[in-house]
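These notes are about the structure you will find just below.
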């Protein structure tokens, strides 16, 4: 049952969260958009709402222990945040979960180095 929950969360990431973020990136790259389109931002915000609901049940996305699903989703979420920020007041469970994952000793090295480069690219595209 635990493995099925982890798989479901991984499918949530690959089937909903990542494509919602990816649609925005594609519009910047291929279409030359200089802003995030409202309809695309709304889809990503709906994906955030789904994640918020998942986190109302447990400390991590697939239960009360860290799993690969958390690591997968946090990588996507950190890339999505510069495009459509996550309002802490609207998504408090995501904010709490994100703080827990960010506190991991390997988070900086594993995620932030590449994220900084991605954020710089996003800023240059939206400038």
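Glycine residues also receive a Cβ, built from the backbone N, Cα and C atoms like all the rest.
Just so you know, TrEMBL annotations never went through curation; they're auto-generated.
Residues or ranges marked as domain 'GST C-terminal' in TrEMBL: 1-126. TrEMBL lists 10-29 with the feature transmembrane segment.
Per-residue confidence over the domain 'GST C-terminal' (1-126) averages out at a pLDDT of 95.
Helix, strand and coil content of the domain 'GST C-terminal' (1-126), in residues and according to DSSP, is 90 helix, 2 strand, 34 coil.
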